[in-house]
Amino acid sequence: MVNFIIVVLLHFISCQLYVEIVYSSAVDIKSAQSLAVALKNTFNSQIELKTTKISTKFDILALKRNLKLIIDLTSSVSLARYLEEFATQTNSIILSSKNTEQGFHNRRFFTHFPIEDHVTAVRKIISYLNWDKFLIVYDYTEEAILQILKNEFSDKLVSFYSFLSGGSQSSADLFIGKLIKPIGIRNIVLLTQGENTKKIIISLRTKYIFNAGSGIFLGSSSFSSNMTADGIIGFIESGLEKSIDYSSYEFIAYAKFISLILGFSSSFDQFALHNFLEKNTVKHCPVPNFSIINIQNYRRIIIGNLSNGSLNITSAPIFPGNTTTVPNSPFTYIPISIADGLTNPGYSNSTYKTKEGAAYALTYIKEHNFFEGFEMSVTHTDCGADVFNSTYAIACFKALRTKLGVGYLTSPFPLTCVGSIMILRSLNVTIPHISEYSQSIYLSNSTVYPEFMRTIKELRYNIEVLLKFFAIFQWSNLIFLYENQSGAIMAYEYVLEKAKKYNINIVNPESERIIKANYRHSDFSEYKQVMKNIINQKVRIFYLNLTPPSCFYFIEDLYDLGLRRGDVIFLAPQRAAYQLLNEKDPNQLRKLNELFYGGLTVDQVEWLGSFGAEVKENFLNIYHSSPNFKCLSFDAAMLLFNGLKYTIQQGQLVENPRVLIKNLRSQKFTGCSGLVSIDGASNDRSVSVIGIYDMRWNKAEQMIDENQVGIYDIGGEQLFTFSEKIQWYDNTTNIPSDLIIYPNGCPFDPKYKEFSIKSASILYSVDCLCLFVTVITISYAWKKFKGVEIENLKERKLIDSGDYIAFAMVITDFLQHLSFAPDFSDYDSIFTSISKISMFKVNWTSFTVYFYFMVVLAFLWLFLLLQMVCRFDRKLKKCCFLYYKKISELLLPHIGNLCFLPITSILINEFNCSESIGSDLTQSFLKNDCALFCWKGSHINYIILSSVALICYLPTVLYCRPSIEISNNSANIKARPLFIVSKTIFQMIIIVLNNTLMIRSPSLYGLICIIIIILFLLLWLKKQPYNYHQCNLLSFISYLALLWTIAISSISKQVDYHYSAFWKGLQYGGWISIIVIGRIFQLKYCPTLLFSEDPPDIAMFFKFSLSKRISADHINRMNKEKSEKKYLFLASEISKENEKIYQSSQQVENSSFN
């Protein structure tokens, strides 16, 4: 028997009070003996006490007749009736604990207040707490009170549960976990006896129901045990406040009543005692007066009382969680946390936007009563989103460690996820982390990160889907870049493996594939050359494995280097366009929008099926923003909620991370992105349908956005299913090439070209050297041929083949000189094609062929010249050299005159690398072959060949051109040696100007060309370049036409008038005018002196062949007569015309060329 400490005021008398404690069962014997010992120890000699077991009426009749007080511990209704009859006969008083099933009898009194008073106390305190919803846990001892409360609080009482007395603590845990917690109501009224109450309170605490926001209200007998849980409120009968268990609770109640009897009289007169008790009790019960108890600092504090139905609170109570706020929420709040802050480092706005899906999930479960009796209590964290700053995050999580709840909807970024996990582990917080994204490969490891889960497949799955498109689109080249962090490195190794499988060539070198983590604009100078080299690869398929915002900074820098829409097609195994919401600078956003346009991404599909469509529609009705990634965030939250619900239904603790994580991994439900479940061997989603997205303009968001065009479903009828064709950067559905083919045929965009000072300096040096050699060599030639004169033709002569060549040379010179004009291809493609005859402006695809051809001609020139100068035909007297002599006589004039301009220009143009796509000398490219980069590789060989050929050809041809013209005996028409010399200087000056000035200032170049041509014409206007007037006239006309062409092309470049027909008409009009005037002048002043022989009489030949009347002798005789007549006629005509010709030539010399 527990020692009791109780103070009972007794009125000491000399007589004893005879008390008999009766009980009826073996269960009650212990209670009877304990009560007897306690009363004996308390009242000592004032009472005479005895315990008796009664089972039948005869046992009652055997009791002593002089009993004054019978304490009834029986629980039998029949025995209670016999006891009441016995008390009536003996005038004894029966004392019971509570008025439950015994009813009311005149001789029976009770130690506790009536049930109605207990109900009144419950009503008053619930009214004070203002509880809208509550439930009741009771045991059989308080069932009578429950029956009244059920009717009175039918609108507020959610449910009531009976807890069997004598149950173990584990049964109490199961009772609370399986029955009470799933309801979600935390306002609980306990109507249980002391030990039951203690067990239930312990279970409420271990099941995390007894915490901040809950309300625990104890009835009077529930307070019979020694409660130490702060925040409990309730009432107890006055005088019983110090009971420490149910036995002491009952003992004190009996002792109070016995004290009342002992204080009445010493005579214990039966009638007087009964009358006394009748007056001092209410309905045979003590006068009702309750103390309002509140547990504070582990002690019972009386904070008020309830007397005469009036509640009086004298001091403010505290509630669970050490709060003074009255817990009146009808729900149990399950605390969770969401990483959706806005102020953390990085592009946090993107995380905030995606977490709108999780926010809608909270609305969804509330609207659909997903957790009946429960609500989510959300802590919004701001400890890092896309950028993880450990110092910032540690301070943030330390402040929030107790507020993170049972689950954490973490960041969609892998580095932040890992950082958050590690920091919370160090703070002994191991709650589950669920991400809607974070695809990094290393996060799949459920052994290293057991608390992590994600509603998406790992990155490698998406990568392989993406690489399958190379075979579909017939692509084979790829630019790959990745950042220097573990997840990206693992992805790169996987790409290398799959690239071999799909025959994909990663074109950028290994050393130019890795980019520092957290790339920013400040790193541009470090990677500028890498970017330029990437652009120069001429491949438009890019895979940037850089996490936002690093990839955005990198793309903006690529734009600043000249990359534009169509130059690049970005492939991504995960969508990132939503990150553009963070870009505040409209200029930067413009860059990103342009380069993203036409890209291709693959990612977990969203809003799948009828459920997905329904959720999307409801979501958009609330959140008027892009739905991208919101579905994944919704499913991540629903995974947590389904796991919580399952854990609660199983009677398990959601507060136990291991239990909750295990249950989360076992969940399988239909989300807005399809079937959601976690793979048993990893942290990844087990079943995934991949969406295929192209990048298009979103008018609503005013930015580039992903547009779904198909799906990849490994469990479907076919792998790829397209709902529409992919739209590329040119707004067509034509699959583009993986290589960039620019209109000019160059391996780079012309917009990247820039002037190279280094290469231009080399070109200018070579030009100056060639010009110097020309001046020196020509000066010797000028001295040699200064006095050489060639007589003009003054009499008619038979035209020779060389004369035809002379006329062709004039025409060829004109066609070659057309290339001196500034580019006029804008308005006349015919002139452009004609100018290429000169080989001065050949297409780059044939330039190498022409170059080798010109090198061969240059060395052939030297060989033939040596053969002629050294007279190998005479010295060696070999037939081969006799043959070479004839070839030399035939070819040297053409190689020296006709081919001088193309040979010289093309050999010098091998040094023309004045344009570049970078600052390095080796990034300059050949003007006539932009695919050939200078000063490296094969260009070095070309330079050597060109240099040797120029050294061999240029000095010799400059000196020998006049000599070749003089020694040409096969033509009547000859050019004057000094004209050849001056024309050579003219051509060399134009070549040098074309290389140096043409690119920099076409207009100035055209002006200087006009001046040089005018000076050249004035120089030879009087001296006559040829010895034949018609040839002089043709040469003069050709130079006038050239002058007109250069003038028109130069003016067209300056005047802002691009109507090509106008310039073409002006060009043709000038030419026609010059030709017509020249023809008139030729008919009037330039007679024809060269004639050709008459052709054979073909008609006579056929008559001879077909007729027998005409013999061979007849034909011979007719030809002889014809020849004689012709000779006589010519002789007479020549004699008549000689005088006219002489006079005419004198007139032309003095007037027409003056």
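In case you wondered, yes, glycine gets a Cβ from its N, Cα and C as well.
Here the structure is a predicted model, which means the values were calculated and not measured.
Noted in TrEMBL for the protein shown:
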| type | residues | note |
| --- | --- | --- |
| SIGNAL | 1-15 | signal peptide |
| DOMAIN | 429-695 | domain 'Receptor ligand binding region' |
| TRANSMEM | 762-782 | transmembrane segment |
| TRANSMEM | 803-821 | transmembrane segment |
| TRANSMEM | 849-869 | transmembrane segment |
| TRANSMEM | 890-908 | transmembrane segment |
| TRANSMEM | 942-960 | transmembrane segment |
| TRANSMEM | 980-998 | transmembrane segment |
| TRANSMEM | 1004-1021 | transmembrane segment |
| TRANSMEM | 1033-1055 | transmembrane segment |
| TRANSMEM | 1061-1081 | transmembrane segment |
Run the contact check on the transmembrane segment (942-960) against the transmembrane segment (762-782): 3 or more C-beta pairs under 8 Å, excluding pairs closer than 6 in sequence. yes
Spatial neighbours of the transmembrane segment (980-998) far in sequence, C-beta under 8 Å, 6+ residues away: 760, 763-764, 767-768, 770-771, 774-775, 778, 781-782, 785, 813, 817, 820, 822, 840, 897, 900-901, 904-905, 908-909, 912, 914, 958, 961-962, 965, 1004-1005, 1008-1009, 1012, 1016, 1019-1020, 1025
When counting Cβ pairs under 8 Å to the transmembrane segment (890-908), the leader among 762-782, 1004-1021, 1033-1055: 762-782
So what pLDDT does the domain 'Receptor ligand binding region' (429-695) average out to? 91
